[in-house]
């Protein structure tokens with residue numbers, strides 16, 4: 001059986017669909033190489049002295065782990081000189097990073113969470129990198145934050161790498177979701193699954209149950225029904241899964257179905273949610289929809305949310321289509337009753 005590398009897949013997709021421009025193909029390959037380098041650092045762990053806190057905080061007010069900083073620098077260094085990008089934005093940086101004048105500038109914008117789930121680093125649980133690619137609205141002109149503030153429907157590519165028992169790259173360029181596994185001996189990502197599809201129904205949900213008392217009534221209603229099992233209104237038993245790493249939880253859902261929820265809660269009512277729209281929710285929503293699932297903030301499709309700032313937060317409900325639609329319907333019903 002012929003093994004298909006990431007490069008070959010991208011070239012053949014361009015021939016079939018004419019949707020992957022050469023600059024985009026090269027950009028995706030550079031991001032993949034950066035993910036390989038991050039994977040190597042993650043795998044070395046304590047042997048390389050990269051575990052533990054970096055002693056600094058990021059723009060989100062979160063404590064940075066050493067690997068957060070390393071992963072961010074790897075992605076910046078790998079992508080700044082190739083001529084594919086106009087600018088980059090990261091969870092770990094307050095402002096965007098414009099490509100220095102000493103390098104040619106391209107027509108794309110790259111956003112990323114360099115190391116999602118970093119609270120799991122020291123306990124050796126799967127973590128990952130999430131990325132999103134947009135067109136630069138005004139190629140050749142000075143980049144502003146407004147150039148990044150495009151709805152998720154404008155993404156030209158999205159994906160993530162999960163660093164677990166294997167290093168896996170999951171990618172969409174708008175023609176379905178495809179999975180690549182890192183062959184460490186060959187040093188390349190190899191296509192191992194094509195056209196991933198999420199079952200429309202599920203018996204698994206992923207949510208942090210310790211926050212239940214803080215949720216809005218529609219979310220509590222849905223979870224109460226799941227917990228009631230086959231004796232409740234759903235007529236079936238559900239299992240709960242929660243890894244506290246969005247990459248790992250979403251990867252499980254892409255693999256076997258389920259629903260992932262990180263909803264608004266009343267502890268910080270002024271915030272729409274916890275997860276970041278631009279480089280967490282949007283790329284994951286694109287992947288989920290391309291695999292036949294759904295992704296909303298409880299009210300509207302995540303990909304339709306118009307960003308207002310770079311580090312905007314959003315409530316996230318994504319996964320198996322029928323389950324996501326049920327939770328969204330509960331939100332609409334509650335809003336109608338309040339109105």
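Here the Cβ of each residue, glycine as well, is placed from N, Cα and C on the backbone.
Taken from Swiss-Prot, the feature Mg(2+) 1 binding site covers 91, 113, 115. What Swiss-Prot lists as Mg(2+) 2 binding site is 113, 116, 280, and the listing cites sequence analysis. Here Swiss-Prot flags 116, 117, 118, 119, 208, 274 as substrate binding site, drawing on sequence analysis.
The structure, with features from Swiss-Prot marked on it.
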| residue | record | DSSP class |
| --- | --- | --- |
| 91 | Mg(2+) 1 binding site | coil |
| 113 | Mg(2+) 1 binding site | strand |
| 118 | substrate binding site | helix |
| 208 | substrate binding site | coil |
| 274 | substrate binding site | coil |
| 280 | Mg(2+) 2 binding site | helix |
Rounded inter-Cα distance in Å - residue 117 (substrate binding site), residue 91 (Mg(2+) 1 binding site): 12
Neighbour count (Cβ, 10 Å) for residue 116 (Mg(2+) 2 binding site): 29
Other C-beta atoms that fall within 10 angstroms of the C-beta of residue 280 (Mg(2+) 2 binding site): 26
Site of maximum Cβ density within 10 Å, from binding-site residues 91, 113: 113
Binding-site residues (118, 119, 208), the one with most neighbouring Cβ atoms at 10 Å: 118
Top Cα neighbour of residue 113 (Mg(2+) 1 binding site) in the set of binding-site residues 119, 208, 274, 280: 280
Most crowded position, judged by CB atoms within 10 A, among 115, 117, 274 as binding-site residues: 115
Pairwise Cα distance for residue 91 (Mg(2+) 1 binding site)/residue 280 (Mg(2+) 2 binding site) [Å, integer]: 9
